Amino acid sequence: MASGKELEVIKGSKVLMVGAGGIGCELLKTLALSGFEDIHIIDMDTIEVSNLNRQFLFRQSHVGQSKARVAREAVLKFRPHINITAYHANVKDPDFNVDFFKQFNVVLNGLDNLDARRHVNRLCLAADVPLVESGTTGFLGQVTVHIKGKTECYECQPKPAPKTYPVCTITSTPSKFVHCIVWAKDLLFAKLFGDRNQDNDLNVLSTDANDLSKQTEDVFERRSDEDLDQYGRRIYDHVFGYNIEMALANEETWKNRNRPKPIYIEDVFSQKQAKQNGIADQNCGSENSGISAMSSLGLKNPQDVWSLFENTRVFLEALKLFFEKREKEVGSVTFDKDDQLAVEFVTAAANIRAASFGIPLHSLFESKGIAGNIVHAVATTNAIIAGLIVIEAIKVLQNDADNYRMTYCVEHPLKKMLLMPVEPFEPNKSCYVCSETPLSLEVNTNHSKLRDFVEKVVKKKLGMNCPLIMVGSTLLYEVGDDLDEAMVANYEANLEKVLAELPVPVASGTMVSVEDLQQELTCTINIKHREEFDEDEPDEMVLVGWSQPVATEKEDKSVSNGGEGTSDAAGKLKTNDNLDETEIVPTSEIVSVVGSKRKLSELSNTDVKEVISTVSSVHSSAHQMEEINDDEDDVVMLDENPEQAKKKR
């Protein structure tokens with residue numbers, strides 16, 4: 001029960017929540033029930049069917065509506081006297097600038113991607129507003145407090161590359177191949193061969209406009225008058241053609257995204273070719289492990305990347321084989337990475353979807369590795385983390401700096417503890433964001449263009465959205481809606497010039513100033529000319545003073561950062577920035593650091609730093625969904641098989 005003083009502070013505060021997904025729903029509910037009376041919430045996403053199993057403010061009737069607005073309405077039903085302001089928008093929109101952030105007493109993040117988290121971190125620093133960050137992944141979670149000048153900021157330590165992906169991204173706006181894999185495996189494969197009565201985000205209504213009786217039927221139900229070839233082509237046209245057409249109808253979604261291309265069977269090959277696809281009766285085996293669309297079609301090398309034509313053939317053939325050779329299983333099949341036919345179907349479906357969204361295709365070998373390592377979010381973890389966020393927010397509002405804590409939620413008890421609180425670290429003096437430490441860039445100034453510098457360094461590595469680049473008093477590049485045509489043309493011309501040939505030549509020793517007006521962040525970069533670069537430096541630009549995600553080796557030499565290669569990720573407390581998520585660490589590793597008899601409060605600063613470095617700050621998550629402007633905590637990719645991870649523990 002809060003004391004009178006605490007209640008007074010709570011009621012008088014103005015709070016900004018960013019994200020209304022898995023963590024956000026729990027957080028908004030907890031804030032309202034804790035006495036907060038002025039809450040603002042920003043979220044750009046709409047509700048998906050797949051959100052309903054853990055985002056309890058939403059119902060089936062809300063699907064397609066704004067998360068922020070529906071969450072507000074749901075909470076006002078049991079707390080009608082409080083003020084909740086909802087913004088169905090992207091937190092990176094210009095309206096949410098430093099002045100906007102200054103009106104709040106504390107900002108609470110429930111985001112799902114590194115880019116948005118960095119953006120909010122910088123706005124909080126510029127506005128001098130405390131930030132409470134969070135993330136979850138399965139049973140693992142983390143809450144951290146960031147106070148300007150007192151604790152390290154969100155970017156003081158390198159963040160693991162995100163490996164988490166929100167369901168709304170998977171179903172609507174995929175940008176990475178793993179999004180397509182999750183879609184093919186958890187939605188399409190499950191709908192066709194698993195329990196068809198399950199709800200998911202595939203549009204299941206018929207697209208036959210000529211027959212009113214068919215417009216309400218489930219498109220995944222095979223009609224009595226169609227053979228397997230016809231059925232396969234109809235499913236293909238529906239999920240890769242019609243559903244994409246429906247998605248394109250929402251112009252708002254594609255304002256700042258590349259529009260996907262609908263793919264119909266006739267776009268790939270003729271009806272005659274479709275009917276002649278495969279030789280399913282020959283050499284396809286009788287056991288599950290031996291039934292193979294690849295064998296049926298004469299495809300031999302699993303490391304080959306199939307063309308769209310080949311993927312279409314595999315898709316149709318695999319679907320046909322499931323119904324011809326494994327008909328008794330249909331309706332109860334679950335994906336198994338050791339099921340050759342299942343992997344073939346998922347690979348082909350993922351590749352066709354990838355082709356539609358302009359994403360590079362992958363081989364069956366690569367797809368199998370991705371599809372076998374997916375874990376789902378846990379609603380209870382979100383609730384625990386939401387409660388911890390509110391606890392830290394109250395401490396911040398009371399200016400109780402001595403009791404600020406970074407708290408990690410672990411899967412297995414460590415000395416009877418599932419929650420591990422540690423004191424926040426001081427700001428990193430080498431952090432270019434909060435300490436304004438100059439950076440150094442090694443680059444071949446005679447070869448690299450200003451465009452390369454902007455795209456590969458300023459935007460990709462420094463995370464700036466509206467950069468302004470100067471050398472001395474000369475402005476070389478800027479973006480903005482208020483620029484006249486002559487200025488835009490001038491800056492575009494500069495982008496195509498090599499650094500040494502700019503109006504003010506950039507060479508060794510040149511100090512380049514880079515500023516983001518929206519984030520109110522300025523960086524100074526010292527240029528060092530370098531003639532040659534190694535093979536492992538493909539950008540031919542090395543930024544010194546900026547920490548990139550920690551590399552992981554196959555041996556146990558370092559903590560995994562969520563890279564694409566094989567690693568020990570299945571347990572290391574890592575950071576996720578996708579969704580309310582967080583990849584994490586086996587408690588066995590933490591035990592080795594903490595020791596067998598000491599209490600957490602007895603840890604030395606060195607011990608604590610070892611724990612945190614092993615446990616790397618949770619905020620890069622982007623979960624298996626490495627991206628994304630959404631905020632949920634849906635799907636996580638581990639770098640090893642969950643069963644293997646279990647055995648290790």
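In case you wondered, yes, glycine gets a Cβ from its N, Cα and C as well.
If you look up TrEMBL, you'll see CYS168 marked as active site, glycyl thioester intermediate.
Less than 8 angstroms from the CB of ASN53 (ATP binding site) sit ALA379, each of them six or more residues away in the same chain. Annotation source TrEMBL lists ATP binding site at 19-24, ASP43, 51-54, LYS67, 112-117.
Long-range Cβ contacts of CYS153 (Zn(2+) binding site) within its own chain (separation 6+, distance under 8 Å): ASN121, LEU125, HIS146, PRO427, CYS431, VAL433, CYS434. Taken from TrEMBL, the feature Zn(2+) binding site applies to CYS153, CYS156, CYS431, CYS434.
As annotated by TrEMBL, domain 'THIF-type NAD/FAD binding fold' applies to 6-432.
Look at TrEMBL and you will find 314-368 tagged as domain 'Ubiquitin-activating enzyme SCCH'.
Residues or ranges marked as domain 'Ubiquitin/SUMO-activating enzyme ubiquitin-like' in TrEMBL: 441-533.
Annotation comment: TrEMBL describes 550-575 as region 'Disordered'.
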Among ASP43, ASP112, the most crowded of the binding-site residues [Cβ within 10 Å]: ASP112
Protein Cβ atoms within 10 Å of GLY19 (ATP binding site), excluding its own: 33
CB-centroid shell, 8 A cutoff, Zn(2+) site CYS153, CYS156, CYS431, CYS434, site residues removed: LEU125, GLU152, TYR154, GLU155, PRO427, ASN428, VAL433, SER435
Three-state composition of the domain 'Ubiquitin-activating enzyme SCCH' (314-368), taking helix and strand from DSSP: 34 helix, 0 strand, 21 coil
Those residues of the chain, 6+ apart, with a Cβ under 8 Å from that of CYS156 (Zn(2+) binding site): PHE425, PRO427, ASN428, CYS431, VAL433, CYS434
Mean of the pLDDT scores, which run from 0 to 100, over the domain 'THIF-type NAD/FAD binding fold' (6-432): 86
Residue among the recorded positions CYS168, CYS431, CYS434 whose Cβ has the most other Cβ atoms within 10 Å: CYS168
Surrounding CB atoms that lie within 10 Å of the CB of GLY22 (ATP binding site), all protein chains: 33
